[in-house]
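The structure under discussion appears below in the form of structure tokens.
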């Protein structure tokens, strides 16, 4: 209590702390460091080793030193090594993990959803256009025009940055683009001629043509298990074709031609493998395919369009809806193809193959619901068998490719 009374009565600044010492033998003087000027250490020897405790704190001689000199008398602080992540976190500089890196499964699911959604919307809107504007060559051309404009705008803003192209690469991409253009036109002729569900059922035969081309054109052995899985596809398409109410030879033949064209596109794509990213490759293919598709559109449909094609469509739905439908269907066509490519880059081939089969199921199912297409029982069974066969084929092929990659790794 006497100490506290002394502190309360005479503590005015640091000098008041000197009265709080016991009468004891003086401690040895603390020598000032050599780098400090004389007289900077004040009363260091006047405070004994057993300094008094005031309010739970022990007085130290350092309290009597100027604040600027305190660090020089303090012991060096040890720095412990920490892992980079822990060190950054302790300093408040930890890099925040973005949503895309934190939830990759959700992002992949979003890609699949957009792929299905855009594909279904494209097929439905495309068929609605053909119901009042039956000119598939011109509509196919519009698909590519909108896609090319989209690519040019993307290049202009650097999303993505345009990859340079030379004559050698142009020669490699031209056959791919030619097959892409032919397959695109014939697919649309088929979509315009028959029900969307039936056209996609016929297009389920594409793996059969791909296997045949691999075996007999490229000379590569196709495993027997793959051929066996294609049998349900052929049987299912045959059953569906025999009883399809919207069947006509124009739609059937053009769907088969598109299968062959896309098969050759795959073959030429393997020969034209480049280091260019998929977005730029698809952009260049779209530009070349657009040039390829202009002549047949002008030859087969140009005169009819100028005579009554445009005027009839505008009279039915109006100019605004006609133009907006063409723009949207072209945009959906380009985006769903681009998203499909981006999805393939994010997942394993097996996952993509299964997703592609499910996409066809979604398109067939939604087209039947939206357009109210009547299908016979045999057509429904045949379509189901064909889709199941494609799923089996895709699974076996992806497994074989995966085993090849593991062996080569």
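A Cβ is built for glycine as well, from the same backbone N, Cα and C atoms used for every other residue.
According to Swiss-Prot, the features are:
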SITE      225  site 'May be essential for binding and transport of phosphoenolpyruvate'
TOPO_DOM  86-104  topological domain 'Chloroplast intermembrane'
TOPO_DOM  126-137  topological domain 'Lumenal'
TOPO_DOM  159-215  topological domain 'Chloroplast intermembrane'
TOPO_DOM  237-280  topological domain 'Lumenal'
TOPO_DOM  301-378  topological domain 'Chloroplast intermembrane'
TOPO_DOM  400-409  topological domain 'Lumenal'
TRANSIT   1-85  transit peptide
TRANSMEM  105-125  transmembrane segment
TRANSMEM  138-158  transmembrane segment
TRANSMEM  216-236  transmembrane segment
TRANSMEM  281-300  transmembrane segment
TRANSMEM  379-399  transmembrane segment
Result, the transmembrane segment (379-399) in contact with the transmembrane segment (138-158) (3+ CB pairs under 8 Å): no
Secondary structure composition of the topological domain 'Lumenal' (400-409) [DSSP: H/G/I, E/B, coil]: 9 helix, 0 strand, 1 coil
DSSP helix/strand/coil residue counts for the topological domain 'Chloroplast intermembrane' (301-378): 70 helix, 0 strand, 8 coil
Across the topological domain 'Lumenal' (237-280), average pLDDT on the 0 to 100 scale: 87
Spatial neighbours of the topological domain 'Lumenal' (237-280) far in sequence, C-beta under 8 Å, 6+ residues away: 160, 162-163, 169, 172-173, 175-176, 179-180, 182-184, 186-187, 189-195, 198-199, 201-206, 208-210, 212-213, 217-218, 338, 341-342, 344-345, 373-376, 378-379, 381-383, 385-386
Composition by DSSP (helix, strand, coil) of residues within the topological domain 'Chloroplast intermembrane' (159-215): 45 helix, 0 strand, 12 coil
Same-chain residues at least 6 beyond the ends of the topological domain 'Lumenal' (126-137) whose Cβ lies under 8 Å from its Cβ atoms: 185, 188-189, 191-192, 196, 293, 296-297, 300-301, 304-305, 309, 312-313, 316-317, 322, 325-326, 329, 333, 367, 371
